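Engineer: Quick paste of what TrEMBL says about this protein:
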DOMAIN    7-199  domain 'Fructose-1-6-bisphosphatase class I N-terminal'
BINDING   Glu93, Asp117, Leu119  Mg(2+) 1 binding site
BINDING   Asp117, Asp120, Glu280  Mg(2+) 2 binding site
BINDING   Asp120, Gly121, Ser122, Ser123, Asn213, Tyr244, Tyr262, Leu263, Tyr264, Lys274  substrate binding site
DOMAIN    204-331  domain 'Fructose-1-6-bisphosphatase class 1 C-terminal'
Amino acid sequence: MANKKQTLGEFIIENQAAFKYSSGELSSLINSIRLAAKVVNHEVNKAGLVDIIGAAGDVNIQGEDQQKLDVYANEKFIQTLTNRNIVCGIASEEEDDFISINSQDENHQNKYVVLIDPLDGSSNIDVNVSVGTIFSIYRRVTPIGTPVTIEDFLQRGNQQVAAGYVVYGTSTMLVYTTGHGVNGFTLNPAIGTFYLSHPNMQFPENGHIYSVNEGNYIHFPQGIKNYIKYCQKEEGDRPYTSRYIGSLVSDFHRNMIKGGVYLYPKSSLNSNGKLRLLYECNPMAFLAEQANGKASDGFTRILDIQPTELHERVPFVCGSKNMVEKVEEFMRDAQ
Ligand code: P6P
């Protein structure tokens, strides 16, 4: 008899005592993300069948065409997080400014802020390639009883209390950490239940996959160019394999299982790279470190960077520890 897989709900209850803050609130927060993930998953899986794909006609603060599913996912996550009355503020990649949650919290008693990329990789929606949701949770730093401020959102990544992603792929998974390792849960869509399928996920220290958009090669810093040529060299266990899906969550997830490094460097096209520090790099860096991996901007630990604005971008190197350190070595040597 195969051992019964633990459900996400059972896992949360079993582990909430380990969470150093008020465990009930975090559990409720993770549960609200679980609900939103199921709702978004349902729409993502039928995107081709209803008039919900294609640009919504708007352009977000990033200057990117907003796909209807971007807008839908943003609304669903904000709605479920608001309804749980745990959160005092939300910042979304799809929103110009942060949202102060006052509807059920008129006395500003709620302690958590959530930062979210509701549908990362959305340019892949119309071509049926995996997309994902990324979330990052902090305790507020301004006094309870006062309205949330930008200061509550511009915290260093090393202050996160939880982070995770949903990958809407060949199966839908919720992968998250509360600072005690990384665990992956797979959705059984027939009954709408997530089951613990990947306990204690760890990046292999080494890997043979590098993930970068080589179409930007000529615009990369010399250190990155040198690393890419290193990966392609016939020597030792190289050449490595190049795998780049164009969806951070999917590239990260594959590399965490198989070993690999993901790079989105700065370039002459993007002086700080493309990925956002608050919604993409900090949560993925927290997960990476909790899974024995590493994440930097090529020089500095991502989680130590002090944010200065909601939508700031940073160069991003993330994955197997020894591979990230090899990239950092090439970056140092090229200075
Ligand atoms: P490019 C998606 O827009 C995203 O933020 C990541 O998920 C993905 O890895 C990257 O951008 C793809 O960007 O410039 O290579 O198409």
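Quick reminder: no glycine exception, Cβ is built from N, Cα and C everywhere.
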Engineer: Setting Asp117, Asp120, Glu280 aside, what same-chain residues sit with their Cβ within 8 Å of the center of the Cβ atoms that define the Mg(2+) 2 site, listed in sequence order?
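Structural biologist: For the Mg(2+) 2 site, the extra neighbours are Glu93, Gly121, Gly132, Thr133, Ile134, Leu248, Val249, Leu275, Arg276, Tyr279.
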Engineer: Take the domain 'Fructose-1-6-bisphosphatase class I N-terminal' (7-199) and average the pLDDT across it for me.
Structural biologist: 88
Engineer: To the nearest whole angstrom, what is the C-alpha distance linking Ser122 (substrate binding site) and Glu280 (Mg(2+) 2 binding site)?
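Structural biologist: One finds 14 Å between the Cα atoms of these residues.
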Engineer: Spatial neighbours of Glu280 (Mg(2+) 2 binding site) among the binding-site residues Glu93, Leu119, Tyr262, Tyr264, defined as Cα within 10 A: which are they?
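Structural biologist: For Glu280 (Mg(2+) 2 binding site), the binding-site residues whose Cα atoms are within 10 Å come to Glu93.
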Engineer: Which are the residues of the chain, Glu93, Asp117, Leu119 excluded, whose CB is within 8 A of where the CB atoms of the Mg(2+) 1 site average out, their centroid?
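Structural biologist: What remains near the Cβ centre is Asp70, Ala73, Asn74, Ser92, Glu94, Ile116, Pro118, Asp120, Ser122, Thr133, Ile134, Tyr279, Glu280.
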Engineer: What's the CA to CA span in angstrom from Leu119 (Mg(2+) 1 binding site) over to Asn213 (substrate binding site)?
Structural biologist: 20
Engineer: For the binding-site residues listed here (Tyr262, Tyr264), which one has the lowest count of neighbouring CB atoms within 10 Å of its own CB?
Structural biologist: Tyr264
Engineer: Quick test of your reading of the structure: among the binding-site residues Leu119, Asp120, Tyr262, whose CB sits under 6 A from ligand 1?
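Structural biologist: Only Asp120 qualify.
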Engineer: Mind checking how the domain 'Fructose-1-6-bisphosphatase class 1 C-terminal' (204-331) divides into helix, strand and coil residues in DSSP?
Structural biologist: 56 helix, 25 strand, 47 coil
Engineer: Translate the DSSP assignment of Glu93 (Mg(2+) 1 binding site) into the three-state scheme.
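Structural biologist: In the DSSP reduction, Glu93 (Mg(2+) 1 binding site) maps to coil.
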Engineer: What's the most sparsely packed of the binding-site residues Glu93, Asp117, Asp120, Glu280, counting other C-beta atoms within 10 A?
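Structural biologist: Selected from the binding-site residues Glu93, Asp117, Asp120, Glu280 on minimum Cβ neighbours within 10 Å: Glu93.
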Engineer: Please work out which residue of Ser122, Asn213 has the most C-beta neighbours within 10 angstroms of its C-beta, and give that one of the binding-site residues.
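Structural biologist: By the 10 Å Cβ neighbour count, Ser122 comes out on top.
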